[in-house]
Amino acid sequence: MCATPVSPTPLPSTTPLTLRWRGSEPYEASFEAMRTFTDERTADTPDEIWLVEHPPVFTLGQAGNPAHLLAADSGIPLVKVDRGGQITYHGPGQVVAYLLLDLRRRKLMVRELVTRIEQAVIDTLAAYNLAGERKAGAPGIYVAPGPDVGLHAGAKIAALGLKIRNGCSYHGVSLNVNMDLRPFLAINPCGYAGLETVDMATLGVAAGWDDVARTFAERLTANLDGSPAAVAQPQAGVLTA
């Protein structure tokens, strides 16, 4: 376990933050929508967080090595994208949060943003009596050692990758809730051979996607804006924090 980065307590923000529930959506549709949103935003465009669940897809970061896809005949499409990081898998039962933020307006450095996203994951896991931890040099969140996690200590439960364009972020973070984990065996997750990937259900959490998505949205809002605003149950449409 590495030391927890120290991040200043976020102050209540006056910057509007909109939470959008996009439902189950093909990855390519979300990817193109993120790029379009970022290209077209102005200095006055409110920041947004999108909550999404994707059909099965592998995504490979802009500097990613295709050799980390170990089974090219898996039947799962591979999409090359412009985020940082290597290869990961998205699929049903995973909460994906895309963060479309104006970092200059929020006076956020990229490292601080990553720290706050990671803390939101840790806080979300804690709400379900799970302990998560960071690993130095390996963005994302991993299962902390404990009496109830057995051999899953050190397994990755959340992956993170961002793109910064003109001072604005897109892409984001994925949290494994209740998934078919077998596709992760077809890759070196995030470029690490033999890295175990786990979900909350495997660790004994019975909560479903909607419940975890709502909790995660609350924790993201609290870590970004400094106020634990209540977030309504995810549903089609717009939720404003």
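Just so it is clear, glycine is given a Cβ too, placed from its N, Cα and C backbone atoms.
Among the features that Swiss-Prot reports, domain 'BPL/LPL catalytic' is placed at 43-228, with the record citing sequence analysis. As annotated by Swiss-Prot, substrate binding site applies to Arg83, Gly84, Gly85, Gln86, Ile87, Thr88, Tyr89, His90, Ala159, Leu160, Gly161, Gly172, Val173, Ser174. Residues or ranges marked as site 'Lowers pKa of active site Cys' by Swiss-Prot on the basis of sequence analysis: Lys156. If you look up Swiss-Prot, you'll see Cys190 marked as active site, acyl-thioester intermediate.
Distribution of Swiss-Prot features across the structure.
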| residue | record | Cβ neighbours (10 Å) |
| --- | --- | --- |
| Arg83 | substrate binding site | 22 |
| Gly85 | substrate binding site | 21 |
| Ile87 | substrate binding site | 24 |
| Tyr89 | substrate binding site | 26 |
| Lys156 | site 'Lowers pKa of active site Cys' | 22 |
| Ala159 | substrate binding site | 26 |
| Gly161 | substrate binding site | 23 |
| Val173 | substrate binding site | 24 |
| Cys190 | active site, acyl-thioester intermediate | 21 |
Pairwise CA distance, Gly85 (substrate binding site) versus Cys190 (active site, acyl-thioester intermediate), rounded so that it is a whole Å: 6
Where Ile87 (substrate binding site) falls in three-state DSSP terms: strand
Neighbouring binding-site residues, C-alpha within 10 angstroms of Cys190 (active site, acyl-thioester intermediate) - of Arg83, Ile87, Tyr89, Ala159, Val173: Ile87, Tyr89, Ala159
Residue pair Arg83 (substrate binding site), Lys156 (site 'Lowers pKa of active site Cys') - Cα distance, angstrom, rounded: 19
Segment-level pLDDT (mean, integer) for the domain 'BPL/LPL catalytic' (43-228): 93
Between Lys156 (site 'Lowers pKa of active site Cys') and Ile87 (substrate binding site): CA-CA distance (Å): 13
